[in-house]
Amino acid sequence: MAMAATSAAGLQSPFLSGTNRNLLSTTSAAGRVTVVSPRKLVVAAAVAPKKSWIPAVKGGGNFLDPEWLDGSLPGDYGFDPLGLGKDPAFLKWYREAELIHGRWAMAAVVGIFVGQAYSGVPWFEAGADPGAIAPFSFGSLLGTQLLLMGWVESKRWVDFFNPESQSVEWATPWSRTAENFANATGEQGYPGGKFFDPLGLGGTVRDGVYVPDAEKLDRLKVAEIKHARLAMVAMLIFYFEAGQGKTPLGALGL
């Protein structure tokens, strides 16, 4: 398609119409158009076609190519057969929910494998195992979790609708929240900063200030959402296995 568009544009170019015989146009395999003249070099990148979640099937329509998904979201392959993201506000919230659920799923998958490999207890029986370390009663544990998780999730909910409103000194009395927990990348759902990116994978710290790297962040966002989706599918499989009394390690013969 990019080649066809370039050829069509070339038919109307001064080079072929005879108005300027000193221009030369070439097209690379990636769809990059380079125009060379004696005075200047102009490189214009053609827009890459949006990827499809069914690459072997060509066609349009909202099922394969919904117009409300323009490819701007990391990992956007046009998958929204139910049309849940038609409303931009809902689309933003669903992406936030996908990120959070995916991150929890990645942590859970690792915890399930490591926990069973260490203790030998299936993950769905760990809480009821007599040898499990449980210094608190179930009621105390549930109440503490509801209190702490409710506090954290309520702050995340407020921050979603009013970004960085929670980055204030009084939010966490034991730390300087505005300095360590601020949304340093400037993008919702990707806090970065010295606390959330201590290894500097998506940016660097210069003179005590975290400076995000846009190119690195773009690659990491796509990698994260792919791993998150894979982890969520894995957890769904783990649930089906648990219903049959099987574990992931047992299914692998380990």
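Placement of Cβ uses the backbone N, Cα and C atoms for every residue, glycine included.
As written in TrEMBL, here are the features:
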type	residues	note
BINDING	E98, H101, E224, R229	chlorophyll a binding site
BINDING	R103	chlorophyll b binding site
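Recorded residues R229 (chlorophyll a binding site) and the residue listed as 'chlorophyll b binding site' have their alpha carbons 9 Å apart, per Cα-Cα distance. Within 8 Å of the Cβ centroid of the chlorophyll a site, not counting the listed residues E98, H101, E224, R229, the chain contributes L99, G102, R103, A105, I225, A228, A231, M232.
The residue listed as 'chlorophyll b binding site' sits 8 Å from E224 (chlorophyll a binding site), taking the Cα positions as reference. Proximity of E98 (chlorophyll a binding site) to non-local residues of its own chain (separation of 6 or more, Cβ distance below 8 Å) is seen for I225, A228, R229, given in sequence order. All protein chains included, R229 (chlorophyll a binding site) registers 16 other Cβ atoms within 10 Å of its own Cβ. In this entry, E98, H101, E224, R229 make up the residues listed for chlorophyll a, with the farthest two CA atoms of the set 12 Å from each other. Other C-beta atoms found within 10 angstroms of the C-beta of the residue listed as 'chlorophyll b binding site' number 15, with every protein chain shown included.
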